[in-house]
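Asks: According to TrEMBL, the protein has these features:
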DOMAIN    34-147  domain 'DOMON'
DOMAIN    161-353  domain 'Cytochrome b561'
TRANSMEM  194-212  transmembrane segment
TRANSMEM  224-244  transmembrane segment
TRANSMEM  264-282  transmembrane segment
TRANSMEM  294-317  transmembrane segment
TRANSMEM  329-353  transmembrane segment
Amino acid sequence: MSLLFSSHAQSQTCSRYSFSSNRVFKSCSDLPVLNSFLHYNHDSSGKLEIAYRHTGIGSSRWVAWAINPTSKGMVGSQALVAYPRTDGTVRVYTSPITQYQTQLQEGKLSFQVSDLSATYKNNEIIIFATLGLSNNGTTLNQVWQEGGLSGNTPQMHVTSGPNVQSMATLNLLSGETATTNGGGSKLRKRNIHGVLNAVSWGILMPIGAITARYLKVFKSADPAWFYLHASCQFSAYIIGVAGWGTGLKLGSESPGIRFDTHRTIGIVLFSLGTLQVFALLLRPKPDHKYRLYWNIYHHLVGYTVIILSVINVFKGFDILKPDEKWKNAYIGVIVALAFSAVVLEAYTWFVVVKRKRSESAGKLQHGVHGVRSQQA
């Protein structure tokens, strides 16, 4: 659901700002992310005079404010771009955004722009411009952004957190700013993708491996341990496929935004997980001559999946940047599982060694009785 920011509530910060050039803007809006503010004058002819302020910005970064006349989002945006030069001046220009991963090349916009200028002082960039818009609408799709510079070339902005939430509509009459559903919807999909994969690959898979590793030592748990192990791993696979599917959907909706390492590991996990599921159908009987090789394959692939799963969950945390408590909670779960595995490993070795000693003692005792019987 969209979040509305009323003119009165949102103008409490921007309305107190006074421009050094004594310029006056009748309306203003505090934009919800990236320390940004829009001041403007608008008349019935479609003339829009704006001052876009972006605070807390370093001298090696660019800022941009844009109107998208055709849709809500980055592609199609008509942008005003500015960044400080090393000589103390500020470069400001127009840039039509036609694709993702753009370097904000200079070009003409789909509407007239005049009086374009910019200032940089006290880590604040202000872009001034007068836009000649059509007078048949009072609601604008706006996008604002910031990113780093390589020399004098703008680089790709961050593709997570506030940088993917910096889209909103602006009602020029009321001054209300509403975040677009696109950003919120995509963020929800990212969160769902993260939760599904963290629970499946990152938690259920290790639990299933622990179940198989340590329960089968107890003869009384046979064959219950196998069904528990298979159920846990199959559930993890089904949930993981759902998470993988949401990842593919996010990728198709975000052309140009790529997380190559995370994506590659995800594809490898899906492939190996699928092989594990089909390998169960080819599982030889315990006394079969190929069972040893199947066990080696099954264990090798299984532990590889677990290691890659944990790595990819942390890659996901780096991309989503959720509250630190979620990352700490997952770390706590992994530490608890690792500690349980260490304790169970020690106990398992104790049980196995004790059992072997008991069996050896039984054989020895049986041998002694046998010799005595023969002597008698």
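Counting starts with 1 at the first residue shown.
The backbone N, Cα and C atoms fix where each Cβ goes, glycine too.
TrEMBL annotations: computationally assigned, not manually curated.
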Asks: Can you tell me which of 224-244, 264-282, 294-317, 329-353 gets the most C-beta pairs within less than 8 Å of the transmembrane segment (194-212)?
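Replies: Looking only at 224-244, 264-282, 294-317, 329-353, the most contacts with the transmembrane segment (194-212) come from 224-244.
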Asks: Same-chain Cβ contacts of the transmembrane segment (264-282) under 8 Å, 6 or more residues past its ends?
Replies: 197, 201, 230, 233-234, 237, 240-241, 244, 247, 294, 297-298, 301-302, 304-305, 308-309, 311-312, 315
Asks: Summarise the model confidence on the domain 'Cytochrome b561' (161-353) as a single mean pLDDT, whole number.
Replies: 82
Asks: Based on DSSP, tally up the residues of the domain 'DOMON' (34-147) by helix, strand and coil.
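Replies: Each residue of the domain 'DOMON' (34-147) counted once, the result is 0 helix, 65 strand, 49 coil.
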